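Presented below is the structure to which this report refers.
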Amino acid sequence: MERINHTSSVSEFILLGLSSRPEDQKTLFVLFLIVYLVTITGNLLIILAIRFNPHLQTPMYFFLSFLSLTDICFTTSVVPKMLMNFLSEKKTISYAGCLTQMYFLYALGNSDSCLLAVMAFDRYVAVCDPFHYVTTMSHHHCVLLVAFSCSFPHLHSLLHTLLLNRLTFCDSNVIHHFLCDLSPVLKLSCSSIFVNEIVQMTEAPIVLVTRFLCIAFSYIRILTTVLKIPSTSGKRKAFSTCGFYLTVVTLFYGSIFCVYLQPPSTYAVKDHVATIVYTVLSSMLNPFIYSLRNKDLKQGLRKLMSKRS
């Protein structure tokens, strides 16, 4: 990707990272390397368990396999560069590299968000309209939902990337972050960021809040339906099926709202923690959360491990 913004005198950015202390760098490298390997391994096991187990060939697990794939790509867009910078004295990223990382950060993060909304809709249909579940969640419809979830977010990401590329960056090139995120990069621009801020404060929240409301509506309807079930075992099964989805949604959206539902000018170092949660920790924890109380997935993982041993 060649640098397009010829009006900038900045050809690279410096990422300050999580700590400026040299003695912390190797510790952080080992910590995030372990997290990255656990993320890749855990999500890959979920994908393989679903792929090779006939009992898991359902819409719910179809969506889960794509969520795991997206989580692998999402984490890979962030962590490898972090690991390189932990061991490097010059913690730099090229202008083109910064735009590329930001593009995939937004595209894959929004794909995650879309897939969580689709999975909530799937559970809503399964619990609230079970007689039409096979028709509504047919394989054709599932493929279309996944295709939309993985393609539409790229338009959102492309919009922010192109608007950012129009800006001029003069002398300051130090990003107070461990990755190229929109708000800290906008702070470095020596040209007007009015349009960027308007888009970020209107389009981005609308996209995020709309998906979150879809998820909230789905689970409110599920809750009201489950409470009407006379059988205690039926209630327990429905709650256990949806409980881990709510855990993932809370973890993912809670951290995202902390970062992005605020003006770019108010972005602070404290937001690093929330960014780590939704870019790194969420992707690592998802496989454990999904398999913790899911007997079918546990059985699928056991079968997969027994085949490999």
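Just so it is clear, glycine is given a Cβ too, placed from its N, Cα and C backbone atoms.
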Taking the topology from Swiss-Prot, would GLN101 and HIS272 be on the same side of the membrane?
yes
Under a criterion of Cβ-Cβ distance under 8 Å and sequence separation of at least 6, what residues of the same chain contact CYS190 (disulfide bond)?
THR168, PHE169, CYS170, ASP171, SER172
Cβ atoms near CYS98 (disulfide bond) (within 10 Å, other residues, all chains):
25
CYS190 (disulfide bond) - helix vs strand vs coil (DSSP):
coil
Are there residues at least 6 beyond the ends of the topological domain 'Extracellular' (81-101) whose Cβ is under 8 Å from a Cβ of it, and what are they?
1-3, 5, 8, 10-17, 25-26, 28-29, 32-33, 36, 161, 164-165, 169, 175, 178-180, 185
